[in-house]
Amino acid sequence: ELSWKCPAKALGTHGFSVPLLLCWFVLGEENTSSPSEGVLRFLKLLLLTWVNCSSVRWATRVQDVFTAGKLLALALIIIMGVVQICKGEYFWLEPKNAFENFQEPDIGLIALAFLQGSFAYGGWNFLNYVTEELVDPYKNLPRAIFISIPLVTFVYVFANVAYVTAMSPQELLASNAVAVTFGEKLLGVMAWIMPISVALSTFGGVNGSLFTSSRLFFAGAREGHLPRVLAMIHVRRCTPIPALLFTCISTLLMLVTSDMYTLINYVGFINYLFYGVTIAGQIVLRWKKPDIPRPIKINLLFPIIYLLFWAFLLVFSLWSEPVVCGTGLAIMLTGVPVYFLGVYWQHKPKCFNDFIELLTLVSQKMCVVVYPEAERHSGTEGTSDDMEEQQQPIYQPTATKDKDLVGQPQP
């Protein structure tokens, strides 16, 4: 996907910064931007935010259409690559040329290359953000992952094979949009197909970013780690409008910069750091709590192999790019003071609670949203003390006002 210059994945699971950085990341196709391009990105984000606020069904339909368009364009690239190979144009695929070194091998750069390249295949975890909106998630979630990972791997590997049938490694590195350059070389008068395909791909990427990242803020607010207004949904459309608007506004603030290659390293490093910690936590839970229900369960050999590869990537990436990876860590740590001020600090001044309560009420009226009633399934009535403590809101409103606020939709 890096070859397209449009890594259309909404990454984000970690505090405030990372989801927003990544939602911004898919807005830009070039390192430099003119005012007109900035306006187009602004309008694109506003349009897709409106679509996501209007209907979950509309948002998923947009995602389906643009994903299909991207796959058709990639299929065209692969077919053109096969034609090139049949014509004998595979100089850079021959082993003696494919493995030629253009610079001194460096283990740190190899790890960094893996870290950046794996970004294109990072969509395997994003469906977890919307499991509550899936039909039969325990069956469909693994099924979607098992189907999508081989499909994405096949498509992108063969797309890159197709690229090198028409472009040298130096041309690949010099190109700002590899798919566009590839189309200019082979499609002739039909070369306009590739820029349009890249634009469609980024459009779908922004939509997916908004859809998934907003659910992260929604879930965080529901657990009491963010203002509770972000956990409210529209009274009729059942869309998390406050979370979507928060994602949109924060992303717009990041349009002031356009150095997205550095962001790949920032976010890639942070993502893999949290992926590893999460998977290590699963191993610890399997050991400490072997009897808890696990609807989806795999052999421990797979997470152990992943953690070994994870350690290789992070250690050598940090060694190769200490400043960039260190900046990524600093971005991650911006969530620490927010956590201590908003969650850990329980006895806040009354003026602070009153302000947050007023802000919640105003936002609720403007967006016509309410806090969704918690569904109680069998076996979940006895919530533990630890869970109740985690679900305390970021502020403590008075009991009467809180009851009215949650129980009655505002006009």
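Cβ coordinates are placed from backbone N, Cα and C, and glycine is handled just like the others.
TrEMBL annotations:
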SIGNAL    1-28  signal peptide
TRANSMEM  71-92  transmembrane segment
TRANSMEM  107-124  transmembrane segment
TRANSMEM  145-166  transmembrane segment
TRANSMEM  186-206  transmembrane segment
TRANSMEM  238-257  transmembrane segment
TRANSMEM  263-287  transmembrane segment
TRANSMEM  299-320  transmembrane segment
TRANSMEM  326-345  transmembrane segment
REGION    377-411  region 'Disordered'
COMPBIAS  390-399  compositional bias 'Polar residues'
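The stretches the transmembrane segment (145-166) and the transmembrane segment (326-345) are not in mutual contact, being linked by fewer than three Cβ pairs under 8 Å (pairs 6 or more apart in sequence). Between the transmembrane segment (263-287) and the transmembrane segment (238-257), the number of CB pairs under 8 angstroms, six or more residues apart, is fewer than three, so the stretches are not in contact. A contact between the transmembrane segment (299-320) and the transmembrane segment (71-92) is absent, since fewer than 3 of their C-beta pairs, 6 or more residues apart, lie under 8 Å.
For the transmembrane segment (71-92), the list of distant contacts is 98, 155-156, 158-159, 161-166, 168-169, 179, 182, 186-187, 193-194, 197, 200-201: same-chain residues at least six beyond its ends, Cβ to Cβ under 8 Å.
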